[in-house]
Amino acid sequence: MTTIRQRRVGKGTEAAEDQPSEETNVKPDGKIPPDPPGGKLWNILLVTVGGIVAISLGLLTSVYVATLHENDLWFSNIKEVEREISFRTECGLYYSYYKQMIQAASIQQGLHGLVYDNKTESVRTINILERMNVYQEVFLSILYRILPIQQYLEPVYFYIYTLFGLQAVYVIALYITSWLLSGTWLSGLLAACWYITNRVDTTRVEFTIPLRENWALPFFAVQIAAITYLLRTHLQPAQQRLTLMAVFIATFLFSLTWQFNQFMMLIQALALFILDCLDMLPAAKVTWLYIIQISGLLLVCVLQFFNSMILGSLLISFNVSVLIARTIQKNLKKGGLLNRLGKLILHVLLVLCLTILINKFIKKILNLESDEHIFKFLKAKFGFGATRDFDANLYLCEEAFGLLPLNTFSRLSSTLLFYVYGFVLFLLTVAAVIVAFRNLSGSNQAQLKGKMEEYTVTLRPDAAYSLVHTVLFGCLALSTMRMKYLWTSHMCVFASFGLCSAEVWKLLLKCLHLYTPQRTQVIKYSIPIITLLYISFKFWPGIMDELSELREFYDPDTVELMNWIKSNTPSTAVFAGSMQLLAGVKLCTGRTLTNHPHYEDKNLRERTKQIYQIYAKRSPGDVHGILRSFGTDYVILEDSICYERRHSRGCRLRDLLDVANGHIMDGLGENEPDLKPSVYPRFCEEIKKNLPSYTTHFTRVFQNKTFHVYKLAKHK
């Protein structure tokens, strides 16, 4: 197994800084008064300084994560095969396509190899560009080939430096979003500092570099920054068009680089839907955002050779349903409270029914079943009945798809982030409830307007969107740990915005009857500065210690296995084994696989379940027949799976296979009544005894402390 050991020595557009409210910056005729000359110069100076700070923090973050990666693995000193092994599981699979494009005789041949790929899944030819989100690897490989950098920079460094560079884009986007919300770049500085000091919970780029989310999340952050700017009032038509274009480009790039894009944007569409129903966002801008989501996803669908999973996504069905429902119910936002509530309930039901009908219709027409495992997983996860489905249980038993651990909150609290976040979330939620009630009540009579200016709580559209966005993605993170990175990064933005916002402090001080403009300004700047000083003094020494700790990649068993495969098997050999290991086999050796970790295809899921019978209680003849049906020449058995102890009973891979096969699980504990004992012993254990019934079909050709490789007999 891969470990890290201690290194051994001896190897060679911002407005004013104090953003005025919408009402105080508008003339009675609706025009925005021009800034005085001195104010313009001051604004330019503030924007310049804030921009320099944003770029500096982004670059520092890139250098920081790159240094951590180098210090953890001694990446510059280890062999090429060790570098490739460090790209674990699906990371190795994605990087293998970049390597394949680099090594191709020409760009055209490289693209042809991806479109007509017969090495990723044996006895099948698949289109990698359709099945997987690897356009980023294609683009990067082409860029590397055409730029005059081959003599100075190895392909692997060009790849990882690009990903670390995207971290700079990520941090800058978070910084700008917070700046736009609060009106001061001090808020952006605080957001970036929180992102860095909470690195364990905000990113995992330094040890999962090629993971799709590390490509996608920077573009998602850019999209959120653009939406935040779009939702500001008094934008000029040209500004609005440019912002919509920025939203579209960011949405398209986010969708192109991550297979889970449709689910993340569905949550975003739900946020827009909720706020639109409560009349808290401009309806025209919401419509544009729905259209941008649909068009961005359809463009990706075209580039992915009309991937049916995209066409059958809930996002497209939902957005189309909302647009149809809004056309049908034109008077949705008129009337009193009860009238509006009734219309709103009907609107929600109409959208829900249309979404289900449209989605069912599309899936029926396309015969689409690629995402059924996700819905089985969700059904079992949220207690709508137990399941014996192997794929659903495989997800349920993975820690990454479990609930968010409680120790996450203690880590976030140590930097004060979670405390500030909770404080801001409470205040803005109260404000949102008040504003929503007022909107639904139709309290817009002339006699109330004067009172509202003095007493009523207000919530800007961009702040309202940020609030609902963080709540929905917070719910996602709490239910599924792997998705916490979508929430924690925005948590930094949301908390810093609240701490630096004059409106938030004004609301609180008015509630406490302590409000004065001077007091608000003092608090708005003093508390963030104190927070920054606290973070700096507490965490700077730890960051320095972390950067000075030197370790080394160490996985001799896997290195030995990969070297043996390259030296002792034909280049056309087909290998079977675990999904995670086979991704490394493809990257390091170029051999053909029977299965792999990109689990979004129904046929692949069924194939993987069959291959995994090597860890079940099956006869040697059955296992041999299954493996040979996929053209397998060699099978790799791993002791870490056969004798697994990482998971508890019921979640070990062998337990999942036993239950799916109707067999009683190993070890002490309860079994479901209808499960029966198997007449055969566990294959991965029994094959090591070299019994005649096994040696007839399998010959051991390689063995070390971790892996056992068997060559399959080719019976006629």
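In case you wondered, yes, glycine gets a Cβ from its N, Cα and C as well.
Where the annotation comes from TrEMBL, it is an automatic prediction and has not been curated.
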Fill in the blank from the handout: TrEMBL feature transmembrane segment, matched against 160-178, 217-235, maps to 217-235
Handout entry: Which range of 126-144, 525-543 is transmembrane segment, per TrEMBL
Key = 525-543
Exercise for the section: Please check if the transmembrane segment (242-260) comes into contact with the transmembrane segment (296-324), where contact means 3 or more CB pairs closer than 8 Å and the residues in each pair are separated by 6 or more positions. Expected result: yes
Exercise for the section: Taking the transmembrane segment (457-478) as the first stretch and the transmembrane segment (525-543) as the second, find out whether 3 or more Cβ pairs fall under 8 Å, excluding pairs closer than 6 in sequence. Expected result: no
Practice task
Using a Cβ-Cβ cut-off of under 8 Å, list the residues of the same chain that are 6+ residues beyond the ends of the transmembrane segment (344-362) and lie near it.
Solution key: 273, 277, 311-312, 314, 316-318, 320-322, 324-325, 328-329, 332, 368, 440
Handout entry: the transmembrane segment (179-197) in contact with the transmembrane segment (296-324), cutoff 8 A, at least 3 CB pairs, sep 6+
Key = no
